[in-house]
Amino acid sequence: MIHWSLIVSALGVCVAVLGGYCGWILFPNMVHKKVEQSVVIQDGSEQFKRFVNLPQPLNFKVYIFNVTNSDRIQQGAIPIVEEIGPYVYKQFRQKKVKHFSRDGSKISYVQNVHFDFDAVASAPYTQDDRIVALNMHMNAFLQVFEREITDIFQGFANRLNSRLNQTPGVRVLKRLMERIRGKRKSVLQISENDPGLALLLVHLNANLKAVFNDPRSMFVSTSVREYLFDGVRFCINPQGIAKAICNQIKESGSKTIREKSDGSLAFSFFGHKNGSGHEVYEVHTGKGDPMRVLEIQKLDDSHNLQVWLNASSEGETSVCNQINGTDASAYPPFRQRGDSMYIFSADICRSVQLFYQTDIQYQGIPGYRYSIGENFINDIGPEHDNECFCVDKLANVIKRKNGCLYAGALDLTTCLDAPVILTLPHMLGASNEYRKMIRGLKPDAKKHQTFVDVQSLTGTPLQGGKRVQFNMFLKSINRIGITENLPTVLMPAIWVEEGIQLNGEMVAFFKKKLINTLKTLNIVHWATLCGGIGVAVACLIYYIYQRGRVVEPPVK
């Protein structure tokens, strides 16, 4: 007859095997399937509601480079800047869904973004703080003018011809030009080498005052509110040539310049982002392939950008124009150590690769940290297999012989239709060719590197943000008086951090729905495994012990 301890020991082994099976096979498969179901975007689901309205707003922090020696810069001095901020805004995102694809694997939407100033988080800074900053709109106009002078003049021609006979000074100029070059259809239909160009530039210099509010330097004194959102006004009641210039600026289509109700124009960095969106996104819902959830499939009905140089004369799409990854509001699930992932930013017209760095803990939630690699805005050129970013749209600036910018700087001219240069904050990692020309920069990898902490199982972002800086070259432009003595420098304007820190409510929700469940399953796993092994071993020892106590009968 089998001893009861052997039966109990066998049961203990069964319990241990069951615990191992549950902990290493059944529970992971159950969790994996549950996560797959929860991340897929289906009409009416909880994930769909979170997709349409983010559960909490993003943090949008702006740091401004206040210029402390603007008068001396006009005379050729090296710029001195001081960082002020952060000015913190809550960024609310709401998606207006257009439609699902027939098979439910794609969803199209337009995203509306709204910014609310967070006075508490920004204190002691306020939106009414006064700053002296780079006059972005005037500087951009002059540099575009320098690069495309003939096209700009021809663009002005139709408007100006109707005004020439109404403006006495210009009538005289027209007669003089006709004597010099013969009769023309338009006084502006001239080449860059035309001797009459100097006379026209005199009028341009004179009309800069009317266009840009009588500027005394390439810097503007304004409020943070105006510089970032409400707009720095210019083109206030212009006349003659000034009005033609303003009309040309207005019709250039720049997102950062808007027309006011009184007809004037206003420049702001982010005013155009505050309100209804225009770009139509198509993203993967995760149906059929949860690893592709939120992956951008199309932007404005195109799989690729048409911003950067393409790989061949036949128009083969270059790596620079490829749209990869999500919009950084969430990431695909089931992350692994050592992997990488992409985010796409429409603000800089490119995809950015993030690489695994280390394991982290965020308020008791385990995750992985990802950060940009050295290839983000490193050296650009054929020898680095990224020459498609070398648009070479800037004249007479600090750049290499091949026309590409030095390491750490990316020309966004073709992205923003303005000569804006992207760097990391405080020009972190940028070439000394740029950093040596500015005083007051304090690059710090911990403060200025882009990173994101992600819960590895679900792909939920825990904290982190995109950190980038917007700059513009400051330089002397031939025959433009206000720029005559300027040094050639890459001038910082602002840097921004757009990201998230999961708040207490979301942390509690996340722990309740996932972390506590995982802990419970883990406890069940190890309790059954260890308990079963313990019972089996204990009963086996007891059985052996009892066998040893059996007294053999004496031999007769």
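Just so you know, glycine gets a Cβ as well, placed from its N, Cα and C.
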Checklist entry - What residue among CYS246, CYS320, CYS349, CYS415 is stated in Swiss-Prot to be the disulfide partner of CYS388? => result CYS320
Checklist entry - Which of these, CYS349, CYS530, CYS539, shares a disulfide with CYS415 in Swiss-Prot? => result CYS349
Checklist outcome for this item: Between ASN165, ASN274, the N-linked glycosylation site label in Swiss-Prot belongs to ASN274
Checklist entry - Any idea what the Cα distance is from ASN66 (N-linked glycosylation site) over to ASN274 (N-linked glycosylation site), rounded to a whole Å? => result 24
Item to check | Residue among recorded positions ASN274, ASN310, CYS349, CYS388, CYS415 with Cα closest to the Cα of ASN324 (N-linked glycosylation site) | outcome: CYS349
Next on the checklist: Excluding near sequence neighbours, so keeping only residues 6 or more apart in the same chain, what lies with its CB under 8 A of CYS349 (disulfide bond)?
Outcome noted: LEU305, VAL307, TRP308, LEU412, THR414, CYS415, LEU416
Item to check | Neighbours of ASN310 (N-linked glycosylation site) among the recorded positions ASN274, CYS320, CYS388 (Cα to Cα, within 10 Å) | outcome: CYS320, CYS388
Checklist entry - Which whole-number value in Å describes the distance between the Cα atoms of ASN274 (N-linked glycosylation site) and CYS320 (disulfide bond)? => result 28
Item to check | For CYS349 (disulfide bond): DSSP state (helix, strand, coil) | outcome: coil
